[in-house]
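Beneath this line is the structure, given in structure tokens, with notes to follow.
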Ligand code: SAM
């Protein structure tokens, strides 16, 4: 799986992509993550990537041309019915916008089957709407709130998908079964020692008895009952 992040702040990603699961997944060559500076695709000598909104109003809007140039440099494409179409069926272009489809575990499972995802991070007052209309395959939101940019959403989406790729965090058989069912699963609650937590005898917080029973069938039933399924 290759992720291409198109951003105005490439340095933002350095730390996060080079730690923990994402670092290991790249080292194992299970994923490749390219960070692309949108400014490198500006079409003027001042490297301008934003402009005033038509119709007036506050703030600046990320321009269409540098995004078109950046995306075209990454993949083979054709123009079909006036739309940008990647020729490889297992690739997708995602634009982050708070107006998009809300990202969840089920969408992450579907995306985890792709070979390449190009992620466009907006900034300022947003991105020229023609990117959503003609270039992006999907408009994705990570929740009903407004952030400064699409950079955090890109990290969230990359991390969620990467965890689901077999070989990244083990449990591959379990993941395979879940992926083929096309459902999103969020696991059951977990407990660890001590069995009972007493703070100066004021509380007595216990682990559910079933988890200490050693009865694997009953534990599996309890876990199934407590997992969250996203249809
Ligand atoms: N004026 C826009 C509006 O109210 O919809 C907000 C633009 S926001 C300040 C700048 C960029 O951050 C957006 O273009 C988008 O890429 C990203 N962004 C902000 N909130 C987001 C969210 N909840 N999910 C995904 N992307 C988001």
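Any Cβ shown, glycine's included, is placed from N, Cα and C.
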Cross-ref TrEMBL: S-adenosyl-L-methionine site 142, 143, 144, 145, 146, 147; candidate in list 122, 170 matching that site is 122
Can you tell me which of these binding-site residues sit near ligand 1, meaning the Cβ is under 6 Å from at least one of its atoms: 143, 144, 147?
143, 147
The most crowded of the binding-site residues 122, 143, judged by neighbouring Cβ atoms within 10 Å of its own Cβ, is 122
For residue 145 (S-adenosyl-L-methionine binding site), the number of other Cβ atoms found within 10 Å of its own Cβ
7
Within the chain of residue 144 (S-adenosyl-L-methionine binding site), which residues six or more apart in sequence place their C-beta under 8 angstroms from its C-beta?
98, 102
